[in-house]
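Enquirer: Take this structure first; my questions come after.
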Amino acid sequence: MAQPIRVVITGAAGQIAYSLLYQIAKGDVFGPSQPVILHLLDIPPMMGVLEGVVMELADCALPLIHGVVPTADPAVAFKDVEAAFLVGAMPRKQGMERKDLLSANVTIFKVQGQALDQHAKKTVKVLVVGNPANTNALVCSRYAPSIPRENFTAMTRLDQNRAQANIAARLGVNVADVKNVIIWGNHSSTQYPDVKHATVTKGGASKNAYEAVADEAYLKGEFVSTIQTRGAAVIAARKMSSAMSAAKAAGDHMKSIWQGTAPGEWVSMGVVSDGSYGVPADVVYSFPVTIKDKKWTIVQGLPIDDFARSKMDLTGKELLEERAEALAVCQD
């Protein structure tokens with residue numbers, strides 16, 4: 001059996017981690033023969049709850065778990081980790097402005113970036129789930145200068161999964177039959193879910209998903225707004241934010257990094273922009289990427305129409321605004 005890898009999950013006593021830990025520990029993410037040592041980080045008031053999570057992990061009797069390290073100390077949590085799920089963040093509360101949320105979270109992700117820089121393996125792959133995920137990932141990478149910037153990614157896989165499921169339901173096919181849906185930009189209500197380049201397999205034949213749906217008004221209107229506001233719809237129904245689906249998406253995202261993408265397929269993730277497709281550089285922007293040997297590459301050369309251009313520019317503008325706000329907080 002392979003040597004165990006150390007994996008840190010922050011916000012480990014929370015709802016998302018509760019679903020995510022089982023996926024990781026039973027081999028869905030890193031593979032069925034890859035043992036893991038789980039580092040579970042949370043804040044001191046949550047240590048009692050975290051102890052209950054540790055008990056449950058023991059009671060699952062999962063053979064891939066080769067150790068569990070519950071802690072409130074970032075230095076312990078990030079020691080020698082090869083993969084990091086940064087789930088814990090200050091949640092947005094009623095009456096809170098985005099700027100207030102950014103301010104609270106910049107501090108958290110600055111501390112975690114510094115801890116990664118000092119204690120994690122330099123090859124660590126860092127997935128930021130806590131919102132605002134794109135800008136938190138950017139901040140985190142700035143405070144971990146010894147780790148390559150491309151090792152920091154933000155999760156838009158939940159949005160991709162939502163869009164894929166929506167199109168599959170619309171076409172009456174299995175979700176696995178829809179490929180290459182794209183999420184452009186920010187994990188926020190400005191993101192642009194794009195099916196222009198997606199494919200669907202129906203009746204044994206593969207065709208363009210946009211053409212298969214054959215409803216441009218829907219794809220430019222209700223579909224976009226539904227995916228953009230799906231998180232709020234879940235909160236309205238569940239009285240709590242997405243947890244099971246967010247955990248599944250986090251697992252999917254890291255699995256894609258670890259195991260690569262299939263030939264001819266891409267996935268969406270927030271990565272440090274190089275200005276591809278004319279979007280702002282040096283923000284964490286969601287692009288379609290292919291992954292090989294744990295390295296992502298932005299898919300190039302996709303035609304972008306005027307509608308897509310306007311949506312991609314809008315979400316890019318929001319990311320520039322977030323970056324300016326976050327960096328102002330960093331300098332305070």
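All residue numbers here begin at 1 and follow the chain in the order shown.
Every residue gets a Cβ built from N, Cα and C, even glycine.
Okay, these came from TrEMBL:
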- HIS187: active site, proton acceptor (ACT_SITE)
- ASP42, ASN105, VAL129, GLY130, ASN131: NAD(+) binding site (BINDING)
- ARG92, ARG98, ASN131, ARG162: substrate binding site (BINDING)
- 6-152: domain 'Lactate/malate dehydrogenase N-terminal' (DOMAIN)
- 156-327: domain 'Lactate/malate dehydrogenase C-terminal' (DOMAIN)
Enquirer: Could you check the binding-site residues ASN105, ASN131 and say which one's CB has the most other CB atoms within 10 Å?
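Expert: Neighbour-count leader: ASN105.
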Enquirer: Are there any residues at least 6 positions away along the chain from GLY130 (NAD(+) binding site) with a Cβ closer than 8 Å to its Cβ? List them or say none.
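Expert: Spatial neighbours, sequence-distant, of GLY130 (NAD(+) binding site): THR10, GLY11, LEU86, VAL87, GLY88, ALA89, MET90, ASN105, ILE108, PHE109, ASN136.
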Enquirer: Can you name the residues of this chain that are 6 or more positions from ARG162 (substrate binding site) yet have a C-beta less than 8 Å from its C-beta?
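Expert: Listed in sequence order, they are PRO193, ILE227, ARG230, SER245.
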Enquirer: Which numbers of helix, strand and coil residues does DSSP report for the domain 'Lactate/malate dehydrogenase N-terminal' (6-152)?
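Expert: For the domain 'Lactate/malate dehydrogenase N-terminal' (6-152), the helix, strand and coil counts are 67 helix, 27 strand, 53 coil.
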Enquirer: Report the mean pLDDT of the predicted model across the domain 'Lactate/malate dehydrogenase C-terminal' (156-327), rounded to a whole number.
Expert: 96
Enquirer: Take the C-alpha atoms of VAL129 (NAD(+) binding site) and the residue listed as 'active site, proton acceptor' and report the distance between them in angstrom, rounded.
Expert: 10
Enquirer: Expressed to the nearest Å, what is the distance separating ASP42 (NAD(+) binding site) and the residue listed as 'active site, proton acceptor' at their Cα atoms?
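Expert: Counting only the Cα atoms, the answer is 24 Å.
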Enquirer: Just how many other Cβ atoms lie inside 10 Å of the Cβ on ASP42 (NAD(+) binding site)?
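Expert: A 10 Å sphere around the Cβ of ASP42 (NAD(+) binding site) contains 23 other Cβ atoms.
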Enquirer: Just to verify a number: CA distance, HIS187 (active site, proton acceptor) to ASN131 (NAD(+) binding site), in angstrom, no decimals.
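Expert: Between the alpha carbons of HIS187 (active site, proton acceptor) and ASN131 (NAD(+) binding site) there are 8 Å.
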